[in-house]
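Remarks on the structure that follows.
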Amino acid sequence: MAEATEPKEVSSGSQGQPEGAVIEGPGEPGAADLEGREASEGAAEAPRDLGEGAEAMASGKEEGGCGQDGEIGEVQAQDPRPGPGTETPGTSGAPGEAEAAECDSEGALIPQSGGGAKRQQVQGTSSGLDAQGEAPEVPEDARREPEDPKASEAGEEAESGQEALGGSAPESQINPEVQGPVGDNMDTEAPAGEPQGSEGEPQGGGESSPQPQDEAIEIAAAEVGGHEPGELAGASAADAKGEGETLRKDGFEEAAPEEARVDSGENGFEEAAPEEARVDSGENRDQGRLQEETGEEEARPESGLKGPCEEAIQEKAPDGSLDGEEAKSTGHEESQVELSNHLAEETSAQGGEELGRVNGRRENGPASEEGDLGQEHDITLFVKAGSDGESIGNCPFSQRLFMILWLKGVIFNVTTVDLKRKPADLQNLAPGTNPPFMTFDGEVKTDVNKIEEFLEEKLVPPRYPKLGTQHPESNSAGNDVFAKFSAFIKNTKKDANDIYEKNLLRALKKLDSYLNSPLPDEIDAYSTEDVTVSQRKFLDGDELTLADCNLLPKLHIIKIVAKKYRGFEFPSEMTGIWRYLNNAYARDEFTNTCPADQEIEHAYSDAAKRMK
């Protein structure tokens, strides 16, 4: 890249330092003469007589630094000082017009293209007055139509000559997602109130027409990215004029449906900071032909989906909005462009849906994943301690809740409580309450039946399995067995023992009959074989349910204590009960929550008195 050279000539306009750039369209008065001047100063190969045919054209009035008819214009900079790293047309080897200038009263994005064009941030302010205090006015017809038709042909020949010298003109477009290598990125910034020279424009000897400040203040925010890349990449003056923008009657610029606009404030001014506006002009340097308008509009949202900064935008913008320009980093500075409502409205429907899907995955990805897995709860179960004060003691109600939490698959803590030395903090936690009780996210729950209902309602699918029964009869099966056992084991009279034993056997037989009776879903209506004996593992089927968590701990106690103190065992002909117990002993949810046999025997040592 050639070094920047100091301009040899100063602006022939007002001597004051203007604050804005003047833009003249290729078809406007003075355009051909301006091209001639640039060609003579920038490239020796360009013919000098190209602009002579349009010398009689009058310079057009510009509002806010932008052509009223919306044409792509040439930019004349007032600041003769080149920005750092900026190329001058004389040394770059590819002089050309500074195209697609977009101006704003406070902050402006000016896409520029030409030979060796780089990314550049341009800050512009309101234009100054000319020597007479106001800009010369020319009728609109004179601005829109060239007086000499040869001027357009001369401009096209000049452009073709310049393209031959500088290669294919790079496309210039607003691309908020893609940022080129460091070598291709040039950010020229100036303090507020000072102008900057636009890249690719002559640094001296050019004509300029300062603008009245009153007119500049009335101009609304100029559009950003309003022109297609083809218009900014060496399109002919006639094509650029045909695709130009129209102005509203009040001076506001209307954007085409496929063009994105920058959201302006109440006064119509863009409120983005100078360093927040970025212009991408040169990413597609090898692209030599124009792209279709619809294709370009569809490509813009897709670039956001594949951009390298997609993850950085999402971290910084939790709301997941990718509809505006994303933040850019320059050196140690980071800035973010304010989102535009107009930009969101102008985004194509397909692109918007894709962005929405990306936002949903990226911003809410970890959150959605966590939501799918379910919220972790702080659960502590307090159970009765054994005789040693530490191990799990004999308590069918404690084991019932222990099994439910285990089957739910929830993370929980188990604390054994020694009733002989109950800590003061536990007495304050649940005063007057013996285990089992539970704390769920800091809330104390003491009623076993209500705890069971609460856990079934709180810990639900898809993460936590449903433990309720499908057949209501399963909930009441064996509900009288434990009461019959208690009466049997506490009886001390030998003559009454047979009566209590028969009552217990009657209750066990009823339970065995239910376990051997096939459930409705075990019977196949289309099968020729009749199912007379059930083969299910548990009360309600092949999976453990809340009914099993209630009955199995009691059956296990009956089996241990009755044999130890009364020599009573479940009859072998009760195949349903034995199948039920054997399947339960094969499950960790049951065996790992059972107290030791010695603990069970020790608990009934006093209750099971010898018969007299």
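Quick reminder: no glycine exception, Cβ is built from N, Cα and C everywhere.
For the ranges 395-398, 447-450, 451-454, the feature annotated in Swiss-Prot as motif 'G-site' maps to 395-398. Looking at SER303, SER335, SER391, Swiss-Prot tags one of them with phosphoserine, and that residue is SER303. For the annotation phosphoserine, the record in Swiss-Prot points to SER321 among the listed residues SER172, SER321, SER476. Taking the motif 'G-site' (395-398) as a whole, pLDDT averages 96 in the prediction. Taken through DSSP, the motif 'G-site' (395-398) splits into 3 helix, 0 strand, 1 coil.
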